[in-house]
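See below for the structure under consideration.
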Amino acid sequence: MYDINEWKHVFKLDPDKVISDEDLEKICESGTDGIIVGGSDNITEENVLNLMSRIRRYLIPCVLEVSTAESIIPGFDLYFIPTVLNSRSTKWMIDLHHEAVKEYGEIMNWDELIVEGYCILNPDCKAAALTDANTNLSLDDVTAYARVAEKMYQLPIFYLEYSGMLGDLAVVEQTKKVLTKTKLFYGGGITSAEEANRFAQFADVVVVGNVIYTDLKAALTTVEAVK
Ligand SMILES: CC(C)=CCC/C(C)=C/CC/C(C)=C/CC/C(C)=C/CC/C(C)=C/CC/C(C)=C/CC/C(C)=C/COP(=O)(O)OP(=O)(O)O
Ligand SMILES: O=P(O)(O)OC[C@@H](O)CO
Ligand SMILES: [Mg+2]
């Protein structure tokens with residue numbers, strides 16, 4: 001399913017982490033809507049290529065979530081481009097994007113690119129530290145970012161990122177209320193079917209990452225739970 005508007009559940013695989021062929025097969029054949037390849041540490045052309053070619057044995061849509069310009073390689077179905085709306089630095093909102101488009105602009109297939117407006121809310125996650133995100137936000141701040149994403153920038157995705165911790169369900173619920181076109185992605189700390197189901201009440205798409213590497217069985221139960 002290559003239309004992200006139809007998605008409800010995706011797994012995020014980290015090129016810097018080890019996954020066996022057997023476990024990868026279970027993930028790719030789980031019934032999830034897509035696989036996002038992405039992470040924030042040690043993302044290289046080599047480990048991205050390796051993971052992509054292994055996922056390519058299956059029919060599942062495979063997306064690269066770009067975190068460094070150096071690790072962009074051809075062959076993915078789509079490229080998700082994060083822009084961190086609550087970063088204190090323009091680097092993570094626009095500067096790296098400007099540089100990358102300067103380099104790849106002539107050869108890019110713009111139809112493969114989907115921009116994600118990130119709002120990072122776990123102060124202790126790597127992405128928050130890397131991007132110097134202001135995570136000290138009220139509910140009104142978060143919903144204002146969501147409105148900026150949809151009404152002003154017309155972004156296809158608004159991503160509430162709690163990577164590593166379970167987020168605040170009320171924030172997800174209220175954020176969903178202010179979005180009409182932009183899809184709400186929720187990611188962070190999901191470790192069970194029950195948690196996945198709870199966040200899927202409000203998020204359009206639930207993203208499941210770290211638990212794949214700590215409890216694969218539990219990770220697999222999250223698919224059925226949201227579909
Ligand atoms: C040759 C070819 C195929 C060309 C294709 C053209 C193309 C796709 C061009 C790209 C153009 C473009 C605009 C690129 C953007 C470049 C770039 C570097 C943008 C910055 C992205 C960004 C803001 C990164 C910051 C980090 C971040 C938000 C990453 C998102 C993923 C994330 C939060 C992962 C979680 O990480 P994890 O390691 O799991 O963390 P935990 O420890 O908390 O679990
Ligand atoms: O790894 P977890 O905590 O499941 O978060 C998923 C995803 O939002 C990370 O970018
Ligand atoms: Mg992770």
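Including glycine, each Cβ sits where the backbone N, Cα and C put it.
Note that TrEMBL annotation is computational and uncurated.
Taken verbatim from TrEMBL:
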BINDING   Lys12, Tyr159, Leu160, Glu161, Tyr162, Ser163, Gly164, Gly189, Gly209, Asn210  sn-glycerol 1-phosphate binding site
BINDING   Asp14, Ser40  Mg(2+) binding site
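Features recorded in TrEMBL, as mapped to the structure shown.
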residue : record                               : DSSP class
Lys12   : sn-glycerol 1-phosphate binding site : strand
Ser40   : Mg(2+) binding site                  : coil
Leu160  : sn-glycerol 1-phosphate binding site : strand
Gly209  : sn-glycerol 1-phosphate binding site : coil
Gly209 (sn-glycerol 1-phosphate binding site), number of other Cβ atoms within 10 Å: 22
Filtered binding-site residues, from Lys12, Ser40, Leu160, Tyr162, Gly209, whose Cβ is under 6 Å from an atom of ligand 3: Gly209
Binding-site residues close to ligand 1 - of Lys12, Asp14, Ser40, Leu160, Tyr162, only those whose C-beta is under 6 Å away: Asp14, Ser40
Those binding-site residues listed as Lys12, Ser40, Tyr162, Gly164, and which of them has the most Cβ atoms within 10 Å of its own Cβ: Tyr162
Where the C-beta lies under 6 angstroms from ligand 2, the matching binding-site residues among Lys12, Ser40, Leu160, Tyr162, Gly164, Gly209: Lys12, Gly164, Gly209
Alpha-carbon distance [Asp14 (Mg(2+) binding site); Tyr162 (sn-glycerol 1-phosphate binding site)] in Å: 16
Cβ neighbour count (within 10 Å, all chains shown) around Asp14 (Mg(2+) binding site): 21
Other CB atoms, at most 10 A from the CB of Leu160 (sn-glycerol 1-phosphate binding site): 26
